[in-house]
Amino acid sequence: MISNRCSQLLCFCLLLSAIESNCEYQCSHHGEEKIARVHLRKPGHSAVKRSLTDDVFNQTFRVYAHYDSSFSSGLSSGVQSRIGDIVKNVTDFLQETLSVRQTPSPILLDRDCSGGQFFARPGDVRPCFQQCETTTTCGTATVPQEHLLRCIECGGSFNPSACTESGTDGAGVSNADYVLYISAVSTGSCTNGGSTIAFAGACQMEDEYDRPIAGYINFCSGGITSASSDLFIFTVAKHEVLHALGFSSGLFPWFRDENGNPRTPRNSNGFPPSASGG
């Protein structure tokens, strides 16, 4: 099973390499984004650290696809149907190809903080230095309230006792190792001479092994025409979702070895030198 998955992943990487050199498509990469580290609660007692080669880490990768409201408003019904089928094929491919240490359910994400300022403190919820934003986004998609943790905001104070808590945790996303938000917003990244079909990125990662658990893919209506074959769009979507899974230069410093140890030095908050702790 593992060798079969490795062969599939090799083919996947060859496809990604091939599409990079295809003149029909140009990958639209964003600058380095600040990725939030989310603490996922473990059921029962704390897990004992084990080698990533153990069977507990070789479990089916489960992807939950959530469609943003922009998907229906930004694409025609015909294109929505095509992309919906393609996204299903991409997530099926990933679930058949990749293995992970399955994520404790449910996945709950941190809220965005005003000015992007937060405290990198241990705990279930990341406190915002000023206040929580009303809306939390994952790239171009809006994260539903039921996918979010409660709000902790400190009103600009460095005194932990000044921080207040409001709201409640949402229900979260159960039985999933990754939440993929799908949107169709016409942004500046879509206006690359009309050649950009989609772009993607990671949004939040879990704080034990620094594996992304949420990301987005945004489809550009102007780049999808009747001349664009479903196979080509499928290949582009696979390429972009791989960025959202963590294969991005901005996330390389977060990579770990087969035993779960960081490949780069970390500060007291667990951040590599190139990342900001808030």
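Cβ from N, Cα, C; glycine included.
Keep in mind that TrEMBL annotations are predicted by a computer and have not been checked by a curator.
Annotated active site per TrEMBL: E240, in sequence order.
Feature annotation from TrEMBL assigns Zn(2+) binding site to H239, H243. In the shown protein chains, 24 other C-beta atoms lie within 10 A of the C-beta of H243 (Zn(2+) binding site). When secondary structure is read from DSSP and collapsed to three states, H243 (Zn(2+) binding site) falls in the helix class.
Taken from TrEMBL, the feature signal peptide applies to 1-21.
Comparing the recorded positions H239, E240 by how many other C-beta atoms lie within 10 angstroms of each C-beta, the top residue is E240.
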